[in-house]
Amino acid sequence: MKQYLDLMTRVLAEGTPKADRTGTGTLSIFGHQMRFNLQDGFPLVTTKRCHIRSIIHELLWFLNGDTNIKYLHENGVTIWDEWADENGDLGPVYGKQWRAWGTADGRQIDQLKTVLEQLKSDPDSRRIIVSAWNVGELDKMALAPCHAFFQFYVADGKLSCQLYQRSCDVFLGLPFNIASYALLVHMMAQQCDLEVGDFVWTGGDTHLYSNHMEQTKLQLSREPRSLPKLVIKRKPASLFDYKFDDFEIVDYDPHPGIKAPVAI
């Protein structure tokens, strides 16, 4: 994961001080890309420990179309707590947009089922895309989508994915985002009888919060370790039938965790 540390170094060296919605302040760059060959290992940051349980359960929650934090709480995941209302609701965030995008004529589009069908029937299509950026519902969301738009690409029997992330918290959020989408690519590839290819991450406003600087420097002082491997223990009937226990991350040997405040 040297690419991730290189991004941190770039933000520290080139970042512009900016105000932000949370009032915390950031160092920010605009436009950055990283490419991870998923054949080389699972791209989970090793210079600090990442909470794998949260990454997996959050993705399963998205895939279920859920937008209430009850499932997350039942599974010991608290990463969405700061944005939920008193009933645990978040409004029409990722799960709603991925699984039930509302149309003007009252229909709902399951974008994930659609892309699965496309990958199987027309893998050369240039329209295999999922968007969470529903302009008509942004004002109803507790938090506008940060990882907003992703596209799949098939070549030589391998499935690749590119994500556009409009806003990126490099220290806290990005390790989760990379691992989450890498996991999704593995799941989609298994369902479509493909090998995994590349995960390409593209960032818009890519920033370090001002209260993450010491943590960032600590992380940069650490040497990256070998990437772990992802094992998927079974092939469920569909993308939506995976369970937490279907996944195992093996040979993950990270440095200790580093705590940092969340900007809300």
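Heads up, residue numbers simply count up from 1 along the chain you see.
Each residue, glycine too, has its Cβ placed from N, Cα and C.
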Inset, instruction - Going by Swiss-Prot, Arg21, Arg126, Arg127, Arg166, Ser167, Cys168, Asp169, His207, Leu208, Tyr209 bind dUMP; tell me which of Asn37, Asn177 is listed for that site too. - result: Asn177
Legend entry - Alpha-carbon distance [Ala263 ((6R)-5,10-methylene-5,6,7,8-tetrahydrofolate binding site); His207 (dUMP binding site)] in Å: 12
Inset, instruction - For Ser167 (dUMP binding site), just count the other CB atoms lying within 10 A of its CB, please. - result: 20
Inset, instruction - Filter the recorded positions His51, Cys146, Ala263 down to those whose C-alpha lies within 10 angstroms of the C-alpha of Ser167 (dUMP binding site); answer none if the list is empty. - result: Cys146
Inset, instruction - Quick one: of Arg21, His51, Arg127, Asp169, Tyr209, Ala263, which binding-site residues lie within 10 angstroms of Cys146 (active site, nucleophile), measuring between C-alpha atoms? Sequence order, please. - result: Asp169
